[in-house]
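Just below is one structure, and these are the notes that go with it.
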Amino acid sequence: MGIGVIVVTERVVGTAEVTPRPAREGAGAGRPAGPAVALAGLLTLALHLLYVTGPLLSDEGGLAMVARWWGSGGEYLYGPQWVDRPPGLIATFWVANLLGPYGVRIVAGLLAAAFVLAAGWAGWAARGARAATWSAWAAFFLMNSPLTQTFALNGELVAATWTMAGVAAGIHAVRGRVSYRSAVALGALAGTAAAAAMLAKQNFADAAVFLLVLGLAEGLTGRVRRRRLLAVAGAAGAGFALPVAAAAGWAYTHTGLGDLVYAMYGFRVDASMVIARSAYAGPDSRLRELLGIALLSGIVTLAIAVVVAGRRQVRRCSPLFLACAAAGLVEVAGVALGGNYSPHYLIGLAPMLALAAGVLAVQPGRGRWLVRLFVVVPVVATLIVSPAAAVQVTRENTVQATGEWLERAAERGDSVAVLYTHANVVNASGLRPAYPYAWSLPVRTLDPQLTLLAATLTDPRRAPTWVVGWDALRTWDLDAHRVARALATDYVRFATVCDHPVWLRRGLDRTEPPDPCAGTGIQESSIESAGRPAMPGSLPVWTSSPGARSRSSARGRSSPAGPARSPGWSSPSGCSTGASAGASATTRRASST
C-alpha cells in the first residue's frame, strides 16, 4: 500500500547530510505545539464518549468476559477461558471492568486520545511544532473512524497506542535536544512501550522494528554520538525485556510458558491452515470489504498522498525514513496476514501513517498540499459523520437483549455456553462461561469434532445451565452429532429469544421472561452480522419431533412446542429437544420425563 513510505526531507550535499534549520527538526525545536494537539486529543475523547452506552461488539464483549473470570480458577491460560491473545490485552480489559458497566468504552476513548497525543509528540520530535499539529490531526481521523471500529476496545487500539508512544519516545531519545540521562530514560520508555504493544497484540512488532532500524541507521551516519546511542539502545533493550520477562514469569507459574507461546503464535499457524482448508468464502469477502473500508475511511487516499509527496526523497534514505519504511512494511504485513480481515485491522496502519503525514505536510514543495488535503477532508468528514454513527451503534441489539434475558432468567451460580460465536452474549448475561472456546476459530481449530463441547454438555459437574444457539449446529462443517445428541438427552428447548433457541438443563426450574425482541423492533447489529457465515452444511430451520413437550411446574401440565423461528438450526437424526416460547414470565421446569 505504500503506507510505510515516509521521507524526511534533508538536504544532501554529496554524501554528507546538512542539518535542517532548527525550526524544522528535533524535539524542542520551534514553538510549542500544545494547543492544537491538545484540541485534537480532547475532541477524540469527546467523540468516543458518544459510543460509551452502546452494546459491546463480539471481541470487546468477549475479552471483557475473559478478563472478568480470569482469576476465578480453571485449567486454561485465562482460568476457565482460552483465547489467542497476550496477557497485556486481557489485563487492559481487567482494568476496564473495574470502571463499571461503561468502563470498556471509556478506556477505548482514553487510549484513542492518548494515541493522538503520542502522534503529536512523535511529529514534534521528528520535525517540530507544525509537524506535531499535522500528525495529531491525522491521528484524529484515524482514531475516530466508525468504519474501522475505533470506538471499540480491541487489541489493535491498545497496541497501536503503545506503538505510537514507543515511536515518539524513541525519536525524542535519539534525535531530541535532551540531556544524556533524559535520553536514556526515554530509550527505556520506548523499549517498554514496544514490548507492551506486542503483549497487547502479538503481531505489533512495528515499534520494535522502528527503534532497531532507527538506532542502526543513526549509528551508521554518525550523527549521534556512539556512547549516547549505545546507552539509549541498552536502555531500550532493558525496557523491552522487563514486560516480556514479567509475562513469561506469569505464564510459567500458571499453565506454562509453552501455553502462552502457543496462544500468541502457534495457534495462528494452526488456525491459518484451518482457514485455508475451509470452503467458507467469508475471509475473501471480508478482504474486499476491508479494502473498501480503507478507501472510504480516508486511509488509502492519505497513503497515496504520502507516497506522492515523498517520491523525490525515497532515495535519500535518512535514518528516520528507513525506520518508518521498515515499520510501515511490518504494519502492512500484519493486516495482510491477519486472515479474518476485520475492519479494526486497519488501526494497525495508523502509527506510521500519522507520523508520515505530519512530517511530509511541512516539507517544502507542492506535495505537502496533497498531504494536507487528505488530512483535512477526513477530519471534516469525521466530525460530521461520527455523531450519526454513534446513534446507530448505541442502539440495543439482539446480542445485548439476549444476554440481558439470560441474566433475568438465571439464578445464582448458573453458567452458559453460546454456540459458536458472539462471546459478548456471555458477557452481557454476566453468567460464568462453561465452554472454554468462546470464538468460532478456536472451536474450528482446537475442537473441530466438538468432542470437548459434547463432553461438557453431558458432564454433570461442568455442564452449562443454559445453551444458546447462535450459529447453526453444523456451521463450518463441524461434526455436531454428539452435540445434538447431548442437547436432546440432557437439555430441553426452553425458549426462543430474539430468534435464537435457548436450552435449559433438564431437571431445573427457571422463570421464563418475555422475549425482549417481540414487537420491540430490536434488530441484529449490522456490525455484528457483517461477514457472518452462510451456514454451509446446515438445514434451514430447527425441527422438533412431533409431540415434543416442555413442562410447566407452576401449572403441572404440558404445553405444545412453540414455533421454530431460528434459521440454520436443525437437529441431526430428528432429535427431540422440547420447545416453548412464553409471552410473559412463567416458572417452568426442564423435565427429565
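Placed from the backbone N, Cα and C atoms, the Cβ positions cover glycine too.
Record features, source TrEMBL:
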type     : residues : note
TRANSMEM : 33-51    : transmembrane segment
TRANSMEM : 102-124  : transmembrane segment
TRANSMEM : 131-147  : transmembrane segment
TRANSMEM : 153-171  : transmembrane segment
TRANSMEM : 178-198  : transmembrane segment
TRANSMEM : 204-222  : transmembrane segment
TRANSMEM : 229-252  : transmembrane segment
TRANSMEM : 290-308  : transmembrane segment
TRANSMEM : 320-339  : transmembrane segment
TRANSMEM : 345-362  : transmembrane segment
TRANSMEM : 369-390  : transmembrane segment
REGION   : 509-593  : region 'Disordered'
COMPBIAS : 544-593  : compositional bias 'Low complexity'
| task | Report, as numbers and ranges, which residues of the same chain sit near the transmembrane segment (153-171): CB under 8 Å and 6 or more residues beyond its ends. | result | 27, 57, 59-60, 63, 85, 88-89, 92-93, 96, 104-105, 107-108, 111-112, 114-115, 118-119, 121-122, 125-126, 139, 186-187, 189-194, 196-198, 200-201, 204, 206-208, 210-211, 214, 236, 320, 327, 344-345, 347-348, 350-351, 354-355
| message | I'd like to know if the transmembrane segment (178-198) touches the transmembrane segment (369-390) in this structure, counting it as a touch only when three or more C-beta pairs sit under 8 Å and are separated by 6 or more positions. | response | no
| query | Any contact between the transmembrane segment (131-147) and the transmembrane segment (320-339), i.e. 3 or more CB pairs below 8 Å with pairs at least 6 residues apart? | reply | no
| query | Per the 3+ Cβ pairs under 8 Å rule, pairs at least 6 apart in sequence, do the transmembrane segment (345-362) and the transmembrane segment (204-222) touch? | reply | yes
